[in-house]
Structures are given as C-alpha cells and as structure tokens.
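Here is the structure we will look at, set down as structure tokens.
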Amino acid sequence: MSKRGQPAWQAPEAVDRPKLKLFNSLTRQKEDFVPLDGNNVTWYSCGPTVYDASHMGHARSYISFDILRRILSDYFGYNIHYVMNITDIDDKIIRRARQNHLFDEYAAEAQKLPLDELLGQQKEVLQRFQDTCAKNTDPDKKIMLDKTLQRMNDAVEALTKAVGKGDEREISEKRLLYLNEAKDPISDWLDSLKGAQINDNAVFEALPRYWEDQFHNDMKSLNILPPDVLTRVSEYVPQIVTFIQKIIDNGLAYAANNSVYFDVNGFDKREKHHYAKLVPEAYGDTKSLQEGEGDLSIAEDRLSEKRSANDFALWKASKAGEPWWDSPWGKGRPGWHIECSAMASDIFGPTFDIHTGGVDLKFPHHDNELAQSEAAFNESEWVKYFLHTGHLTIAGCKMSKSLKNFVTIQEALKKHSATQLRLAFLLHSWKDTLDYSENTMEMATQYEKFLNEFFLNVKDLTRHVLSEEPRRQFDAWTEVEAALQKKFSNAQVQVHASLCDNIDTRSALDAIRELVSVSNVYIRDNKTRLNSLLLRNVATYITDLLHVFGAISGPRGGIGFPVSGGSGAQAAGADLETTVLPYVQSLAEFRYLVREQAKTLKAFDILKLCDDLRDNVLPNLGVRLEDKDIGKYAVKLVDRDSLLREREAKLAAEAEKAAEKERKKQAAAEAAAAKEAQRRVNPKEMFLAETEKYSAFDENGLPTHDKEGKEVSKGQIKKLQKLQQQQEQRYNEYLASIEKA
C-alpha cells in the first residue's frame, strides 16, 4: 500500500481588522497611527506653568493624556517614551513671586504701622486698583475686580469704625482683615513701587518649586503616571540659547535691544514652511500673540522692537526686578514658546511622534513651537501627530474665579474619588468639551456603583471555586453559557473597535455596560447553576480593562475595585479576600445560625442585635452583609467610606420617607380640620366675608353686586346658589351631629 499524503489545507480568508486612528490637529481629521520607529513612540506633553494650585482645567488635560498613554502602552502594546516639561521661568511666575515677597514683608510691617499712615497708603492702593478696574475690558475679570474692590472698601470701613471705638483688640482684627481682603491690590501697588528692586533669584525659585511639588502630589492623587523624563526650563537655559542661535543662523530670527524675535513673515515666505499650521485662520491675531508674550513683555517699548506685530520673542531682555541668565545677546530669559521646542528636541531630535496639550494652547503657543522648531532644523515637519484635549466647563460655564466656580484638584477630590473623576473623563471624548457638573459626576458615580455591584456579586457567587477541588472549578457548558460567551466575545470586539477609533472610551464603556447587563440577567435566571469560570472571565476582563484605563490601581489579578484598608491606603483586593474574608464568613455563618434560632424563639432583642451587626458594626469595618431570601447570605468586602456613604444615604432616604409620611399626615389633619370648620359656617354667612369680591348681599346672604357696584349676572347667581345649597347640606349635617351628641 502506498503512503498517504496530507490533504490540501485551505487557508482562512483574511479579515479586515480595525486600525488605530487618532484625531490629528494638523489635519483636523482621524489619521492612521504609524510611529516613526516601529513599535517605539516618542511623546512630548506640555506641562504646567507652576505659580498656583492645579485646577480641574489641568485635570482635563492630564487625566486625558494619562488615559491615552496607558491605552497606547498597555492595550496596543507600544513602547512609549513620555516627556513632560515644567515651566518654571515665566512672566506670571516672576510677577507672582515678586508680589508675594513684597506683600509678606509689608504685612509684617503693617501690623506696627501707625493707623493714619496705613490708611493713607490705603488711599494710594485704592486709586491704583480703581485705575486697573477702569482699564479692564474682560467682563468676567471685571466682575472679580469689582468684588475685590467691594471687599476692600468694606474692610476699610470696618477698620475705620474700630478706630472710632478705640478698641485695640478690634482694631488689630480689622487691620488683619483689611490686609487679607486687599492682598491683591496691595501686592500690585507694592510691585509698582518696589518690584524693580528685587534682585535675589531665590525669590523667583521658591514659588515654582513649591507649586511644582503640589502639582506632582495632585497628579499622584489622580493616579496619573509620572513622565519618563521631566524637563525644567531653568535647567535647560544653555540648550535653549543654542537652539535660538540655530534659528538666527538660518536667517529666521533677529536680535533687537538684547532680545531675540522670530521672523514670522520671513519664515512663512520660505517654500517648505507654513506659519500657523494648526490654526491658519488665526494668522495676524495680535491679541492672542500678545497674550502669548506674557504680562511683562507687552509694553510699547518691547512691541516697537519687533519688525512685525506677528513676530514673537525667543529671548527676552530682563529688566530690573526680573531674573536673568547670560546669553550672546545680553542678560535675559527664554520666551515661553521656545522652551518646549528646545527641550523636546534635545530629548527626541528633529522630529517625534506625538505632541499633546490643551486646545487653548493651539494658537499661538503650539503654532509658534512648530514654526521655530522647523526653522531650527530647516525641516517641513517637527511633529507627526498633534493631539489636543477639549475645554472644560463648570456646570455649563467657563471656569472663572469671578464666577466663583474655580475648582482646584484638591477641592474636587474632597467631593469625589480619583476613580469617579477618571470615569467621568472616560465617559466623554478626550477631544471634546467636558462639562464638570453634578450631573456629570452623578453619571460617573452611578457607573462605578453599577460595575462594583457586579464585581461583588460575581466574587460572592463564585468564591467557592477557589477553595474546592480543581475538577469542581469547571461547570457544565450549555446553550445558556454559549449565548453569554458569544455576547462576551462581541463586547470584546466592540471595545477594540472603539479604542481603535480615536481612543473612544465612551463607546468602550457603553459596550462594557451592555456586557454587565446581560451577565446580570444570566445570574438572575441561573442562580442554581451558574458557570463560575465564565462569570469570572467576564469580570476579570472588565477589571483588566479598567486597569488599562487607570480607573483601578494596584496589582493585577483580582476582580473589581480595590478595597481600602483600615489606614485608608488602598490594599490589594485579592489579599483582603485571602486574609480577611475567612474570618468574616465565620462570623456571618455564626450570625446566620443565631438569627435562625432567634426567629424560631421569637427572640426579637437578639434579632435586633443581628440587624445592628449587619447595618452598623460591619459597614464600619468595610464589610457588607446581605441577608438573602434564597440561600443564606452574601458577604462582600467593600471600601469602608463607600459603605458609610451608602448607610448615610439609606438613613437620609428613610428620614425623608418618614418626614414625607408626617407631612402627609399633617396635611390630612389640616384638611380634615378645614373641612370641619367649613361645616360650621352658616350658609347665609358664607359669602359675607368676601368683601374683596362683592359689595352687596340679599336677605339670604347671596351677593347681588360685585366690588365695583355692578349687578352680579344671573348665571353667576345660579352658581353661587348651588354653592350655598351644598353648604346648607353640610351645615345641617353639622347641626344634626351636635344634637346627637
């Protein structure tokens, strides 16, 4: 017999799989993402200017960047080299540092100043601040300035009254109140008088160092990954000087009075260059260009140094009261836009993959970055993909101190957890406007609760498989499981397609919501024979995805959100499951047996103690114990703070229900009393008190003329007679009840 050969094999047909596309601001459309170097991605992100507390506007960008970074790295598998800068040399920092220093000195002296001298200085402060208010044209800022002016005037009035009373203690209190309320106007006044005298660089270093630390703490609190490389402007001045010199050598920058400016028109005329790639319609927007130059760099003498109003500063000559570094053009400091160009290029070279920033930085900052970098390298492209996060509004309004809706990150974290904030961002597109409001956060909170209940149920229902013999961990597979598995697979396909489509986390979470819903239906309909392995696979997939999104921190391998330990630090849920749960289950089993016996014996005091253990004692320990109609009970380890909030909400709901019941009872009693009082009215007198309607009545008490003296119509008299007849019936019933009594 001849040897048989293998039959022909039919290769499966290739299926088109979705490719990762990102919305590129350089083209204003979604583009296939193709890194310059295979699987390696170079990424530069604009960091903060550190002179004040980080707010939700910062969170909008940095949480979104973190989500994008994690997904590209942990889901798509790219090797990302992530660089972020810290702007610690800037006009805002210089002015704020100078003013803080001068105010602190003044406040210490002002406590000892004679009152007439202090009040005399106050008039100078007031005059300068009133001039500032008059010049301002920004409506929101004007509201804020007017409120500051009002508070300052009120504080001065209070101080003047205290002086009149001669009460030294009250004078001291009102003096301090004035200094606090007028801090900004006083600081500005002092800066105008003494700002040029500040020449200690330590003054300009302390402020950004402090706020940089606060920024990093905020990022850690939000579970945002630190950058691989952090660049500070103050540590890059020599490289920035070299970078500027390259632009000068290429004929696209010029020195003027110890400053250096970028030649926008000269750049735009060159064939390979194009100014304002991101926002071409903003070319010539001098207002935005001046804002980008900085508060200390828009005086007439500075503006007159430019060849064109479109030109912008690469190097600023420092005046008295400003920090400086040596350069070939004189003592000065870097311009804002050149900082990012020089630092990113120092790390990555002449081109890199991704540049990210807030949408408000498109023009002029990012457009100027592109221009000066392309000028330095004499290339037509510096960045391949420019990604911009959308604006953030507060309850539909622009975030503004004047509107009293300015929310710092720490203030936001007092109301909602980092997980809830991240879920709110995940439920919105990263490139669109996000409205931070009660409605937005309620959606995020409910989504978190929805997922958490699913995780807790799965862990409770499938916990036994971890302790049983290996063979018992595999349950029978039926059509029901096959249907759920198909929906599970479809959800994975939908999630992948969503993430490929410009990292659409909102659609991905919608697919997860649907998967959890069908899984909950499976649990409801198959309580007696659940396939534990399938349920755990679904829950583990969702948990891993939330890890990728940064919504869950800590080690992987468990199911659900981590449970907070007694110290408040997040412990690994799997560790608590292993170490704590056996003891809690023993307690729950003992309580169950006691409770069943108490039911039999009708021992209500013992039942009350069992309820107290469930409702008050265990929640304080992070344990939710649920009594079941079918089966014994369910034990779930939950974050203690979440449980306490649940309990408070439940108690509040019960209190509201009781209050509503009492309100209805009171309303019913009042209605009954009113009805009883109405029965006692003689029908002939029922209209006599309505003098605001009628002016004359007949012998039976029926109105004959209205308040203006006109006769009441026949139709109206018929209606009144009917009402009187009804009252007569009620009145007779009342008289009968008295006689009977």
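Heads up, the Cβ atoms here are built off N, Cα and C, so glycines get one too.
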Annotation match for phosphoserine in Swiss-Prot, from Ser297, Ser304, Ser437, Ser695: Ser297
Motif ''KMSKS' region' according to Swiss-Prot, located in which of 98-102, 183-187, 398-402: 398-402
Motif ''HIGH' region' according to Swiss-Prot, located in which of 48-58, 158-168, 411-421, 521-531: 48-58
Three-state secondary structure, Glu369 (Zn(2+) binding site) (per DSSP): helix
Average pLDDT across the motif ''HIGH' region' (48-58), rounded to a whole number: 96
Cβ-centroid neighbours of Zn(2+) site Cys46, Cys340, His365, Glu369, 8 Å, sequence order: Trp336, His337, Glu339, Ser341, His355, Gly357, Leu361, His366, Asn368
Per-state residue totals over the motif ''HIGH' region' (48-58) - DSSP helix, strand, coil: 3 helix, 2 strand, 6 coil
Winner by Cβ contact number (other Cβ atoms within 10 Å) across the binding-site residues Cys46, Cys340: Cys340
Cys46 (Zn(2+) binding site) in three-state DSSP notation: coil
Least surrounded among the binding-site residues, given as His365, Glu369, when other CB atoms within 10 Å are counted: His365
